[in-house]
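Enquirer: So that we are looking at the same thing, I have put the structure below in structure tokens.
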Amino acid sequence: MKFPGSVLASVFLFVAETTAALYLSSTYRSGGDGMWQALTLLFSLLPCTLVQLTLLFVHRDFSRDRPLVLLLHLLQLGPLFRCFEVFCIYCQSGHIEEPYVSITKKRQMPKNGHSEEIEKEVGQAEGKLFTHRSAFSRASVIQAFLGSAPQLTLQLYISALQQDTTVGRSLCMFLSLLSIVYGALRCNILAIKIKYDEYDVKVKPLAYVCIFLWRSFEIATRVIVLVLFTSVLKAWVVLVILINFFSFFIYPWILFWCSGSPFPENIEKALSRVGTTIVLCFLTLLYAGINMFCWSAVQLKINNPDLISKSQNWYWLLVYYMLRFIENAFLLLMWYLYKTDIYMYVCAPLLILKLLIGYCTAVLFMLVFYQFFHPCKKLFSSSVSDSFQQWLKCVCCPCRRQKSSESIGKTDLRSPEDRDETPSSSKISSMPSQILTADESCSA
């Protein structure tokens with residue numbers, strides 16, 4: 001049975017970041033910074049509450065008679081209790097013989113064009129561990145993009161204004177960045193497992209390393225760009241955030257309304273129509289929060305029973321990163337034009353160049369992952385390199401056709417008189433002989 005390392009990592013980040021945020025808020029209170037204290041507590045306690053609700057929802061504890069579990073979640077101790085429960089199940093799994101097992105069928109990755117279907121016996125303990133891993137993966141994504149990302153942006157903004165970074169703030173920012181990167185990594189793995197649910201997916205360690213580097217560069221550069229822009233144009237940053245947020249929040253609903261599909265009723269049997277609407281709104285909220293800082297790796301599709309589009313759309317990925325790069329460059333240009341005296345000793349052009357190169361480095365690691373380390377790359381209809389070559393052909397072919405049409409047009413513009421005036425080869429060859437005979441007569 002696989003060791004539940006992802007559960008341990010999720011609980012560690014949850015406890016460490018919450019503790020660091022509470023300590024940092026106490027220092028703001030002692031320093032008389034009431035606004036910073038309130039915002040720090042908000043971005044710390046809000047994701048804690050959402051994590052508790054997520055764990056209760058996934059395990060369906062609202063409809064079960066477990067008052068002790070509900071009390072522990074109310075006291076914000078639910079993740080610790082769940083982690084203890086996971087390791088109890090893991091330690092007892094090899095000592096107790098299970099009377100009932102279920103059989104699951106998975107297909108292996110294609111080899112030489114053939115894919116075999118394998119059967120695997122799954123016991124009750126392994127099924128419970130799978131549910132716990134799934135719950136903590138979703139909780140990590142929620143904590144990362146609805147709590148850690150705003151927290152990191154806030155603390156970096158405070159450091160830029162005060163031109164100073166304390167040890168507590170540095171620790172909180174480091175843990176927040178680590179939580180966001182881990183949440184983005186779990187989002188990638190969840191997307192792969194949901195898209196290729198019928199296959200036995202195994203992610204290699206190099207794939208984890210590549211995703212970690214890709215997400216680290218992407219998120220770090222994005223947060224720094226937002227903080228720099230906010231520090232000089234505080235009013236306009238609200239407009240930028242609202243445009244980004246509502247674009248991704250409304251887009252799945254627009255696709256759903258245009259498709260004419262009926263309202264989804266199969267999310268959870270115990271939920272009413274109002275509860276289903278609340279869950280779908282929360283999913284679109286999370287989807288918008290993820291895309292605010294990085295690529296979500298999935299496309300939310302409400303009219304799909306799985307709520308996720310399983311097709312691999314390279315062009316949507318290309319459009320996202322091109323628009324995000326243009327937006328980051330524009331925000332950095334505005335910061336450069338309106339920067340204040342607090343950036344007097346900062347080499348602005350060099351900083352802009354580093355941030356743009358950092359974002360391009362993130363894109364490079366992403367391409368390397370999809371080209372070489374994706375666990376299901378054999379199932380792609382077209383690879384990254386093939387799609388890039390097709391895109392280049394689509395861009396270059398109109399240019400070539402335009403050049404060829406221009407050259408044909410130039411030759412057609414020449415008049416017939418100009419063509420008649422051009423001497424033929426026979427006329428040119430007869431001219432030297434006539435000149436020679438004229439010279440000989442003169443000498444005679």
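Including glycine, each Cβ sits where the backbone N, Cα and C put it.
Not my notes, these are from TrEMBL:
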- 36-58: transmembrane segment (TRANSMEM)
- 166-185: transmembrane segment (TRANSMEM)
- 206-229: transmembrane segment (TRANSMEM)
- 235-258: transmembrane segment (TRANSMEM)
- 270-298: transmembrane segment (TRANSMEM)
- 318-338: transmembrane segment (TRANSMEM)
- 350-373: transmembrane segment (TRANSMEM)
- 403-444: region 'Disordered' (REGION)
- 424-433: compositional bias 'Low complexity' (COMPBIAS)
- 434-444: compositional bias 'Polar residues' (COMPBIAS)
Enquirer: With pairs 6 or more apart in sequence, are the transmembrane segment (318-338) and the transmembrane segment (166-185) linked by at least 3 Cβ pairs under 8 Å?
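Expert: These two stretches do not touch.
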Enquirer: Residue list, the transmembrane segment (166-185) vs rest of chain: Cβ under 8 Å, 6 or more residues beyond ends.
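Expert: Hits for the transmembrane segment (166-185): 9-10, 13, 16-17, 20-21, 23-24, 27, 140-145, 147-149, 151-152, 155-156, 158-159, 208, 211-212, 215-216, 218-220, 223, 290, 293-294.
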Enquirer: Ranking 36-58, 206-229, 270-298, 350-373 by Cβ pairs under 8 Å to the transmembrane segment (235-258), which is first?
Expert: 270-298
